[in-house]
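Record features (TrEMBL):
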- 30-196: domain 'Neurotransmitter-gated ion-channel ligand-binding' (DOMAIN)
- 1-19: signal peptide (SIGNAL)
- 224-245: transmembrane segment (TRANSMEM)
- 257-276: transmembrane segment (TRANSMEM)
- 296-314: transmembrane segment (TRANSMEM)
- 334-355: transmembrane segment (TRANSMEM)
Amino acid sequence: MIRWLLAVLFSLYAVGAAAQDDPTELPWGQGFPVLIRAGLSFVEVQAITENEGTFTATVDMRLRWRDLRLAYPAEAKAAGYQEYRNDAAEKRLAEIWNPGVVFSNMVGEPTYQKRGLRISPNGQVELMQRTTATFTASFPLDKFPFDRQKLNVDLVSRLEPIQRVQLDFRQDELEFSNTRYISEIDGWIPGLVELAQAPVAAWRGEINTGMQVALVVKRDQGSLLATIFVPLFASLLIPLLVVWLNRIEDGEFVVDSFELTNISIGGLFAVVALNFTVNSSFVNLAVGNNPVMQLFGLNYAILGLSIAIGIAMYRFNAIKKLAGPYIQEEFFTYINWAIPVLVFSTGAAMMAMALF
């Protein structure tokens, strides 16, 4: 019985040893999971296309892991490491195990990719990969134009479950993941790079290891304030003219209701045109709750109110008929200052909520 047990154990050891003799198999000499130290640096952001939910960037990805099967005497290399570049790196990678990390949110194929490989005497492997590609990203606009967005690059390894291979990062990877080469991005101000674990669902209920690297960018809102918000606030003045341009003499309104109602109708067309222009430039603004849509809603509401005032109070003298000329005059005096205060206070509150 003992002989049979020893034979089984020897067979298992032989199978394991044979697997470890194959350098393309998962290294288990240091136990599981095999830790892959991953970092990613943003070299350049060529374009951010919000309407399509994408951005184009050049990134450097660095992966580090240890494979004792690749160890060699330190004196064998004067430089202190074996180095492979371009085709030589691709050939060497095909001969050894590597985590097969890919960008899961990359659109299509990269327009440029270059890889380099270094192997240290202790079996430490460093894979450096520069990639230029387009990546998908989400752009929530609830605080537009005072928003900060994250340009995510999602790393994932699908070769093994997370119990066997795991992407990880430490201080060295955090320091590597930066934007030192980026001076500016058109329409945006670059910030810090954030790293986070991001496991993904795999086959048969398993979990694959993943990591999310995000460049935080702040929108440069200077031009947007002039091209969007100044016209939006200016258009709020149009319906207020319906109140301000009229006056009461001897209990009667002086200006004809037809003329003042035309002002409101003209303002309505102006706001519709501005709405169309903004939605053409920022498609996603129309499908969310944000200061721009709130201000458009405020414009439409006050335009509707001005039309109602022109018809009900100026044309049909509804308040005069219901409550008398004195109440009508007092009400008219009241709305001359109450409506502007309410409108611009509401608009300022909408902007403040987005800003803070």
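Just so it is clear, glycine is given a Cβ too, placed from its N, Cα and C backbone atoms.
Here the structure is a predicted model, which means the values were calculated and not measured.
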Non-local residues, at least 6 beyond the ends, that sit with Cβ under 8 Å of the transmembrane segment (296-314): 232, 235-236, 238-240, 242-243, 246, 253, 255-257, 260-261, 263-265, 267-268, 271, 274-275, 278, 328, 332, 335, 339, 343, 346-347, 350
So what's the mean pLDDT when you look at the domain 'Neurotransmitter-gated ion-channel ligand-binding' (30-196)? 92
